[in-house]
């Protein structure tokens with residue numbers, strides 16, 4: 001039997017609409033925007049299963065719950081993709097590419113894919129701990145999902161060698177004896193506001209560039225007309 005470790009006290013550490021199974025299971029499931037899939041995932045042997053609707057705060061909670069349980073080594077992304085947020089693709093991009101210096105998920109296509117409370121260390125831990133990400137985005141067939149979970153369990157490599165990493169998303173204290181990363185919490189409202197301000201700033205810069213181009217274009221056009229009229233007058237005066 002594969003070696004197992006105790007997850008962080010009170011696991012899952014981040015609250016949400018999760019269904020929790022055996023915490024020693026090596027599989028965690030994200031059901032994105034679908035409903036009614038979580039219990040089937042738990043029945044198939046998953047440690048935790050739940051939806052993820054947003055590409056920022058929602059993903060942060062997924063990361064927090066996964067890295068605080070070293071037994072989780074496989075991540076199954078399934079269920080219907082969340083329109084606009086494109087959360088499934090963002091989670092996959094986070095696992096494959098990580099985040100940039102600004103906290104943005106590299107290669108993510110969601111509206112606001114920024115990690116405000118999760119830094120490079122927790123993301124790196126997720127990338128090291130998870131040995132395989134199974135892409136079943138837009139799959140709602142419980143049979144296929146169950147088969148994927150059971151296949152992962154058959155390949156269980158055992159618990160990750162490091163202790164649980166606890167992220168204080170909401171200012172909670174880490175339990176004694178656990179590896180913790182203290183991150184200054186940001187309220188959901190501020191996180192979204194800052195991200196939207198960045199987007200507005202980018203749009204304003206784009207608009208300024210377009211306005212500058214148009215201004216130069218029209219100024220050049222007027223100058224061309226003036227020069228043409230001047231040359232016409234000169235030519236007619238010589239006739």
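Every residue, even glycine, has its Cβ placed from backbone N, Cα and C.
Remember, predicted model here, so these are calculated numbers, not experimental data.
Range 216-238 is the one annotated as transmembrane segment, of 193-215, 216-238 (source: Swiss-Prot). In the predicted model, the topological domain 'Cytoplasmic' (1-215) shows an average pLDDT of 87.
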